[in-house]
Amino acid sequence: MRFSSMDWARPLLGIFLLLVSDISECLQMAVHPDVGTTVTLETPLPAEECCVCRVGGDGASEEVCSSSLTLEPDKDVNLLFNCSSPAQEAFTISIHKKIECTKEDCNPAVGEIQPSLFTDFNRTFVWNVTGPMEARLGLTFPGDGLKEVTSLEACPDGYRYTVVSSQPDEDGRTDAFCRKGPVSHIDLPHQALVSLQVPGEENVDPTIFQIAPLPVKKKGRMIPVAPDTGTSITIQRDTAGPDCTVCSTEGSKAPQCSSKLALRDTHNVSVEFSCTRPQDIFRVEVNREIDCDETTCSGDIVQGGFSLFPEFNRTFTWDLKVPSTRAFQVDFSGLGMRQILPSESCLDEHTYSIITYLRTGPLTIGTFCQNGTISLVQVLYRGRLALKVPGESQPDPATFKVSVGPQIKKLAVVKVTLPPESSAPQFFSANYPGRFPDDDLMMWNFTVPPKHNATVRFLEYTEPECLKKDVTVEYEREGGKFSMGKELSVAQPANLQRGFGMSLINCETDRRGNRPGLSLSFQVSVFRSSHAVLCTLDLHNEEGLSVRIETRNPSCEMKVDGVLQETVTLLSGTKSNLSFQDCSSEDLFMTVSKTIECRQWEACPVGMSQLSLPTLEACLPMPMQSMTWQLRVPEDGTVELLPSAGSLRQSLPGQECKGRFTVRVTEDGGVPFGEFCAGGAISKVQIHSNVTVVATPTKARSLSEETFFNVSFSREIKESYILTVSPRVEASALVSSPNWPGGMKPSSTASWVVMLPPEYQAELVFTNVSQPKCAERHTSIKVQTLGSPEEMFSRREDEERESKLTVPQSFFLNTSNCVPEEGHFSVLSTITLQKRRSHLLSIILGTVGALLLLMIIVLIAVCVVVRKKKRKADEQASIYIPKGNIFLPGDSPFPKSRANNESHVYASIEDTMVYGHLLQDPGNPRPLQGQYQGPQVDTYRSFAGPTDNPSEKAALDAEVGVYRPFLDPSQGADPPRPRTPLGRQDSLAFVDTRMVGNELNTFKSNGDITPLRLSAVEPVPAVEEGKEWEDDDEEDEGV
């Protein structure tokens, strides 16, 4: 006995489901959807976590379990839910029904539900309502009505109604409602979706709403029309469709209705259609007649009528008439036109047609679309320009211009501007594929771009039977210097350069029978006249190298492996065939990039690597304009850059780079570090980051093959950046913080190791310092000499700092940034070398200076003392006055003792003043010049005794200008001098025996003085200091 696998599978699956039902959250139920009801069960959980299975009556599974299930109408089904969580929360139930309506009724007429289905689940009941296009439907909700809410507003009881209506000419509209509100009726279009969301464990009434078609109302559309003067409008049916008429109402006149309507020279006309979408049935033609004289035309040619009936398919026509010898011209230079066959259509459905009126009837010059090579069309005498535009599309007035053209003797002239790229536009003769007019000609003027050639090739043509003359094609160069004639059957000119004209001349044809007329379709091919430069670029042996080439001139054509490209990037390990045509070195721009990567220290190169230019093929027609090195190090690594020769300097104000090239260094992430060039004080740059080095030439030069840097990779450094600087004696060195004049990165540090030569010191000047407002930490600037544990200088952003500092030896200049809240931190400094002075020399010079200062002070003191004594000696001069008081100039009190002072000692005596009477001529009583003439006083008063009261003195006349020698008192005319208490030496009677007995009284020896009385009065003994003199009224006796 044989058993199939299915026979074994069903019992096993049933046993498995029974076992699983004891483990997980399982729910089993039997359901029977009504007729016309489709039920969908879905859960967002994966099938491993939650699924539903359809189980047959015998306990066997009929289908595979899944996370979604659709139940067919009117069928019994047993369902088993197997979920890790309650199935009522995991699954959503959608119950769909259809309602189909006609103009008379709907089936079913009510929105009914099956309340017994999935009562414990969240359910959504959906009704799909459809009806005729012209039908309008009405929904009526019994009970307490509905309340309209927004799409984001929730309903308190969880019951939510949604109505989605749609119709062909409008976007879908969604309205949401909750229960209990004023809305009891809703009008619907012929298509709608009505849904009701009901929360779980809620009872629902079997009837939700009633639906019925609304009475059809004849509803039309009214459009006000106000055409311009000289404009006529024609509205007529375009296609067969529903019954619809058009009526016009002007003022108080009765409406005029028909299937076609013509409006001309009317104002404020109302046009009404009997259907709701007349644009699907009618088309509109707007026509204007334009009369032109020799120079101008009447009215606005292009703008008129564009705003009329914008949703209809429209045809705008302009009938133009100019003097018989002139042409009207249509200028398409804005976008250019492309000629097509009359049977073809344009992509944007904007189709232009140019028609001329001949004696034999209208003739189409050509049909055109936008974006082509035709820039101008001239038509003789009289013609029409037509533009077809689809509905809901607005033509651009700038696309073309209509004006009066020059005098021509041709049917038409077409001007073509051929594009610079390779192309082959196609052209057709007038009235193609019909007959070209007999004994007439048409001309095409072609402009060929520089460095290009053009070749004419006839594609298709028909040749007539000529009665007179022959069909000829004539060519001429610009200026008429060259012309030639060709027949249709022979090869046409090739490799024509610059501009040329082609004329098609017809003969008088034989029209009898069905003989063909003249027609021509031809093509003009444009190609470059120069030869391409070929070059093969092989990058198989270049590791990490990429080459980027771009064209900067539209006439320059670059192809990579035969494909035309404007920009190409060639990577290492590839080989490419390049071609360049009409490309000069200025038309191409080439940049090269190389990546030097060191992700693990074991793979890093040992020692220095050179950053030099790679050697590329010499066939490349352009120089290298930029070279980029991408230097990648491990996370704890540092990039060290050393100039290959000499030293570097940073491009800063006052020391801009003016050499052959500049090197721009940026950090990882594109943060600028600085721009450098050759010739400066920087000997090494260390950056704790990935680095990009870009070398570019200056002044439109190209990079030469040279080495820019030596690079090495080292372990992590303490600072973010370290620069080694060796200033030169002959020039100051400028150093700046990274990214000058921008700021340093937040929380970054930079250090300059400044190496000074022996016997030199540095003057450090902070030229420009920008401080931020810090949110975290502080900025700092520190200076510390090499080998010294102490800092010479340290300032934060909130502290005052000196602008100049003298550093005696090599030193560190350290800067650190904070986390700025606003502003940025940047430092620009100048380092100038100065010769350092010897300490011994300083001590010697200081000692010598102190001694000189001391000597000067002593000398000044001596001079002051001597000068003071000399001035005092000069002031002590005594004069004897016979008839007055004896006084000593310079002494306020009268001397008490002659022996105790030096009033009788004179520094000098003017001989001519004292003894001048000896030199006087007795015969001449007048004094000699320079002779002493007595004291120079205003009034002379003789002595009259003690002057207790100044008012009792007798006024005496002053004797001025008379010299009086020394006389004995007894010989004077004045009264005897009162006795005056004088010391021995102070008396006038005292004679020094050392003096020679002559009238000059010169000293004869230096011995002691010898008292010699000259007066009979006895000298008074010396008075002790502090005693007063007693008054004595006795008079002195004469000697």
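Using N, Cα and C of the backbone, Cβ positions are placed for all residues, glycine too.
A TrEMBL annotation is a machine prediction, not a hand-curated record.
Feature annotation from TrEMBL assigns compositional bias 'Acidic residues' to 1027-1039.
Feature annotation from TrEMBL assigns domain 'CDCP1 first CUB' to 28-101 (among others). With helix defined as DSSP H, G or I and strand as E or B, the domain 'CDCP1 first CUB' (28-101) counts 4 helix, 38 strand, 32 coil.
Within the model, the domain 'CDCP1 second and fifth CUB' (109-212) carries an average pLDDT of 86. Marked as domain 'CDCP1 second and fifth CUB' by TrEMBL: 109-212 (among others).
The domain 'CDCP1 first CUB' annotation in TrEMBL covers 221-292 (among others).
Annotated domain 'CDCP1 second and fifth CUB' per TrEMBL: 300-405 (among others), in sequence order.
What TrEMBL records for 413-515 (among others) is domain 'CDCP1 third and sixth CUB'.
Helix, strand and coil counts under DSSP for the domain 'CDCP1 second and fifth CUB' (619-711) come to 0 helix, 52 strand, 41 coil. Sequence annotations record features per position, and here TrEMBL assigns domain 'CDCP1 second and fifth CUB' to 619-711 (among others).
Per-class residue totals from DSSP over the domain 'CDCP1 third and sixth CUB' (718-832), listed helix then strand then coil: 0 helix, 63 strand, 52 coil. Among the features that TrEMBL reports, domain 'CDCP1 third and sixth CUB' is placed at 718-832 (among others).
As annotated by TrEMBL, region 'Disordered' applies to 923-951 (among others).
Residues or ranges marked as region 'Disordered' in TrEMBL: 965-986 (among others).
Annotation comment: TrEMBL describes 1015-1039 (among others) as region 'Disordered'.
The signal peptide annotation in TrEMBL covers 1-26.
The transmembrane segment annotation in TrEMBL covers 840-866.
Of the Cβ pairs linking the domain 'CDCP1 third and sixth CUB' (413-515) with the domain 'CDCP1 second and fifth CUB' (300-405) and spaced 6 or more residues apart, 3 or more are under 8 Å, so the two regions touch. Between the domain 'CDCP1 first CUB' (221-292) and the stretches 109-212, 300-405, 619-711, it is 300-405 that has the most C-beta pairs under 8 angstroms.
Taking DSSP states H, G and I as helix and E and B as strand, the domain 'CDCP1 third and sixth CUB' (413-515) has 0 helix, 49 strand, 54 coil.
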